[in-house]
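Asks: Take this structure first; my questions come after.
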Amino acid sequence: MRFFALFIYRPVATILIAAAITLCGILGFRLLPVAPLPQVDFPVIMVSASLPGASPETMASSVATPLERSLGRIAGVNEMTSSSSLGSTRIILEFNFDRDINGAARDVQAAINAAQSLLPGGMPSRPTYRKANPSDAPIMILTLTSESWSQGKLYDFASTQLAQTIAQIDGVGDVDVGGSSLPAVRVGLNPQALFNQGVSLDEVREAIDSANVRRPQGAIEDSVHRWQIQTNDELKTAAEYQPLIIHYNNGAAVRLGDVASVTDSVQDVRNAGMTNAKPAILLMIRKLPEANIIQTVDGIRAKLPELRAMIPAAIDLQIAQDRSPTIRASLQEVEETLAISVALVILVVFLFLRSGRATLIPAVAVPVSLIGTFAAMYLCGFSLNNLSLMALTIATGFVVDDAIVVLENIARHLEAGMKPLQAALQGTREVGFTVISMSLSLVAVFLPLLLMGGLPGRLLREFAVTLSVAIGISLVVSLTLTPMMCGWMLKSSKPRTQQRKRGVGRLLVALQQGYGTSLKWVLNHTRLVGVVFLGTVALNIWLYIAIPKTFFPEQDTGVLMGGIQADQSISFQAMRGKLQDFMKIIRDDPAVNNVTGFTGGSRVNSGMMFITLKPRGERKETAQQVIDRLRVKLAKEPGARLFLMAVQDIRVGGRQANASYQYTLLSDSLAALREWEPKIRKALSALPQLADVNSDQQDNGAEMNLIYDRDTMSRLGIDVQAANSLLNNAFGQRQISTIYQPMNQYKVVMEVDPRYTQDISALEKMFVINRDGKAIPLSYFAQWRPANAPLSVNHQGLSAASTIAFNLPTGTSLSQATEAINRTMTQLGVPPTVRGSFSGTAQVFQQTMNSQLILIVAAIATVYIVLGILYESYVHPLTILSTLPSAGVGALLALELFNAPFSLIALIGIMLLIGIVKKNAIMMVDFALEAQRSGGLTPEQAIFQACLLRFRPIMMTTLAALFGALPLVLSDGDGSELRQPLGITIVGGLVMSQLLTLYTTPVVYLFFDRLRLRFSRKNSKPVVEI
């Protein structure tokens, strides 16, 4: 009583406290970073190693395995995967959430150093690592085009200057440059000319390496001067290499230009990049796992004027893709939704109270509570994102509830003729415990979320804390500022009989009278209501089992990502043509704004594409509808497939799969994996619940298998090392020397000129110089025959792995897809040597599915404990919790009606309903208990009176929560696919709960009261006087 009086009778202090809360909130709002979702990225580090010319199997056994054994000992590694392809190995380390990325990076470097002695010689550089997830979509893509500069020169400028500058920007984790490779001097040998001159490929290699050296020469000095010695020991251009003498034949000099074409070219000619229809160099920028995407993009944009200033006029730098506009638009939509919710909630209050002064009170209380929450969000290190702003939108209905309960009770006393200050004090005292009970029990709902681990726990933590803080501030405001404003702003008045006969007042009176009549009938037919109550419990269970489920709603971010997978024996020239054909099909689609792509590198038969769609307001279709339309057109392209998926703000795992979801097969036997993977992939491709089924297992690449005759080799004076060196020199794009320049280092690359390697007959032209100096053709000691070979070898941990990726057809949920896959795996009878499990997002979905029911039960149990403590009763909390089944039925039916699967966002809605609908029961039970204690009423009379007396505030709070959630349902702008499931769940649950709990709660109250009396009689014993 004194606590409430302290604030009611000291209005200046109360107003200043509210002003301080508001000012702190405004400051916090200005300092809060902006993001699409809470920070939920796993710490990921990518280790790269290369050995030019080495086969995928050689890379896997000699490079990947030693590194994996060393890296696998690092603490906190959640998952380790690797992919080895021609001359390249990439290992992805995904760490636990609580692992510091910088500490993990130090451990990774130490593990690489430990494995260095086990790695093969000939590697051009030590393995390196980057703190970025290669499977994440770039946050920004820049393109460089030029009419006069070559692609190699553009690539050099991009990687040497632009990428270095961009990588220094805060938040940037990796800048991947694609579309070409660094400049190089390429030596294309003529095998027939070499044979005629009796020059081996090793001799050419050694001559070039010896002619291009960079060694310190020292200095000469006398008593007065010092001269630095400088020589022309380096050759830097193709023109300088051509006259190089590599051999003497009968005293005549054989120069490099006599046996080879020497050109200024690039290190790897099998690379191509395009933007729209133009050749381009792509700078794909990815952020650090812990970085904020908006701040990072803003930092890059702020740097662009400086970058453009350093670019020559012949180069055009453009932003091909930027993830931030759709994120900003989505957040703006949420902010507008929040403003609409506040306005609708205040309108509900006005319609019920029909007083401008009375409406002004919650109109002040709601913004103070919401704005004050921003200060706590800043102190907690949160961001303004879709989930935290959705929490505030939903909180609008909650925070006004507290003010409504206090305000309505004070207004009731004023209408009875009590003086304003006395009414404020008395009204607040009466409902103070009720408000505290409602708020604490609502906060209790979110305690299990705060303790939830893994990605879902990280994702929901900001939502739970933000909402809990808003409720806490609202509780303080409703017990301090609200009664003070009521006491000083409202006036005593007689019951507004005339006003109640008009408009909303007349409707409320009619509803209340009708409710009273129907409630009397219900209380006389309690068994029927009990059957209805039990029916809702059973219906909840059936609906939860039957409803389709998914992890997270499919987002329309306006960005698509596509992976090209061509025939495994395709040439680079043909693959480049496929890239151009696919880009043309996509560019012609009316919803597409921009398309960039590249192909080449270690996987000739693959490529990547990034598509930016037009803004949501400029296209009629969603991103998924655009994909469905393009899928039909792209399927007509022979010899290759393009798998498109919408970029999501949440992507789990480090695998660069060609679809959104993955199912991984593991085996200790590579042969067993290669036998069963095609069978499983074929069976899964036939499932209607899956689309775009593809696999990263590519073991049908064309290979030419050479079989050495070792006896003949020994007789001819040839060893295996010389033969292998011949093949590497001829066909491996071997980097044989380094050219040092002020800004970078470039390579001299040697191979047989591509003009002489157009078919297998090129092997017949190869020869080895034996120990006697004679040229021995390769065909003398080797036979060759075509075979199949893997284009890549993949590991997970230390086991051979193959990942089958898939998308979902429109109208199919992830739960339906996973059930179909599990059923198919059982039917196929896969042997124990091959193990299958979901990975990435599908794996997290499975884990979340297993914990959802536990989470809901934990929330209910927590609320029960809190209510039990507050009421000092085992029974009354059960009465209050009896409101939940009807809300659950309403929520699940609404999701079915809107064809929305049960997702993590819908789970949040269910958790919120646990907190919302019990408020009705709390108000009924509180007043019924008070009427029994102080009024001497029977339980039947008490609960009947409580229901009628609290009908108006129950309607007000329910409608306020409903109208607060309604804008989430009706939103259709950017990010609406995230907001709608939450709104649908809450609105559906509130409507059903309001229809049923007004009747079931009184019946349950009486049932437990009679049960309590029955047990108390049985346990009662006669008092014995001593």
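In case you wondered, yes, glycine gets a Cβ from its N, Cα and C as well.
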Asks: If I go by Swiss-Prot, the feature transmembrane segment sits on one of 291-311, 984-1004. Which?
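Replies: Range annotated as transmembrane segment by Swiss-Prot: 984-1004.
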Asks: Under 8 Å between C-beta atoms and at least six residues away from its ends: which parts of the chain pack against the transmembrane segment (387-407)?
Replies: 37-38, 331, 334-335, 337-338, 341-342, 345-346, 349, 353, 358, 361-362, 365-366, 369-370, 373, 377, 427-428, 431, 434-435, 438-439, 442, 459-460, 462-464, 466-467, 470-471, 473-475, 477-479, 482-483, 486, 912, 915-916, 919, 923, 953, 956-957, 960-965, 967-968, 978-979, 982, 986
Asks: Before we move on, state whether the transmembrane segment (333-353) and the transmembrane segment (953-973) share at least 3 Cβ pairs under 8 Å, counting only pairs 6 or more apart in sequence.
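Replies: As far as Cβ distances go (cut-off 8 Å, pairs 6 or more apart), the transmembrane segment (333-353) and the transmembrane segment (953-973) touch.
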Asks: Among 15-35, 528-548, 853-873, which stretch has the highest count of C-beta pairs below 8 Å with the transmembrane segment (463-483)?
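Replies: Answer, by Cβ pair count: 15-35.
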Asks: Could you give the residue numbers and ranges of same-chain residues that sit at least 6 residues beyond the transmembrane segment (431-451) on either side and whose C-beta is under 8 angstroms from one of its C-beta atoms?
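Replies: Those are 4, 398, 401-402, 405-406, 409, 457, 460-461, 463-465, 467-468, 471-472, 474-475, 478-479, 855, 858-859, 862-863, 865-867, 870-871, 880, 911-912, 914-916, 918-919, 922-923, 926, in sequence order.
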